[in-house]
Amino acid sequence: HSCEICHNVGKSCEGSVEPCTSPEDQCGTVVLEFSPAPVSFRSIHKNCFSSSLCKLGSFDVNVGQNTYVRGRIQCCDEERCEEPQFSGHCASHPNGYYCPGIFGLFSLDSSANEAVCKGTETKCINIAGYRKEMYPGDIAYNIKGCISSCPELSLSNRTHEVDRNELIKVECTDAVKIPPSECQSSGI
């Protein structure tokens, strides 16, 4: 099985078609959006994916300070897949739950802020991994925040290859009802 492989900031990319290795048996396109404006940007990644990642479909992680990391995944059996579309993001109100929240690069365990969960977000997610690049090498990343339901993601056991994304941690826990800062004793 072969798929088009490319990565780009923006809404489109074109790359060469390369063979996939098991268990990554489907072609896919992932569009990531980091919002809100004025710093919102999108990136697109076309690659070989495992069917477990394809089932994820979409995710919206509230990383705090009214910022979201959103992803849309479209998989197909052809070498080149359609690009997934974003629907508008529904603004919702705080629901009383809290999670650690951060979008961190160059670290697998970034120190977190407090993310105020909204709407149906009652779970906390903690994802860490490496993005493989020719230059400057592996880039570590860590995303923590509120999410509506826990994704079924399996960890990668792949060897290090160029242009690959390697997940090394996916933790999903129940959000807490009170903000952690209120639990600390006032220094008397």
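The backbone N, Cα and C atoms fix where each Cβ goes, glycine too.
Computed from a predicted structure; not experimentally measured.
Quick look at what Swiss-Prot lists:
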type	residues	note
DISULFID	Cys3-Cys27	disulfide bond
DISULFID	Cys6-Cys13	disulfide bond
DISULFID	Cys20-Cys48	disulfide bond
DISULFID	Cys54-Cys75	disulfide bond
DISULFID	Cys76-Cys81	disulfide bond
DISULFID	Cys99-Cys124	disulfide bond
DISULFID	Cys117-Cys146	disulfide bond
DISULFID	Cys150-Cys172	disulfide bond
CARBOHYD	Asn157	N-linked glycosylation site
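When the CA atoms are compared, the disulfide-bonded residues lying within 10 A of Cys146 (disulfide bond) are Cys99, Cys124, out of the candidates Cys54, Cys76, Cys81, Cys99, Cys124. Summary for the disulfide-bonded residues Cys6, Cys75, Cys146: the Cβ-based neighbour count within 10 Å is maximal at Cys146. It is Cys13, among the disulfide-bonded residues Cys13, Cys27, whose Cβ has the fewest other Cβ atoms within 10 Å in the structure shown.
For Cys20 (disulfide bond), the disulfide-bonded residues whose C-alpha atoms fall inside a 10 Å radius of its own C-alpha are Cys3, Cys27, out of Cys3, Cys6, Cys27, Cys54, Cys76, Cys99. The shortest Cα-Cα distance between Cys81 (disulfide bond) and any of the disulfide-bonded residues Cys3, Cys99, Cys117 is the one to Cys3. Between the C-alpha atoms of Cys99 (disulfide bond) and Cys75 (disulfide bond), the distance comes to 30 Å. In three-state terms derived from DSSP, Cys150 (disulfide bond) belongs to neither a helical nor a strand segment and is classed as coil. Neighbour list (Cys124 (disulfide bond), Cβ cut-off 8 Å, at least 6 residues apart, same chain): Cys99, Pro100, Lys144, Gly145, Cys146, Ile147, Cys172, Thr173, Asp174, Ala175. Listed disulfide-bonded residues near Cys54 (disulfide bond): Cys76 (candidates Cys3, Cys6, Cys76; Cα-Cα distance within 10 Å).
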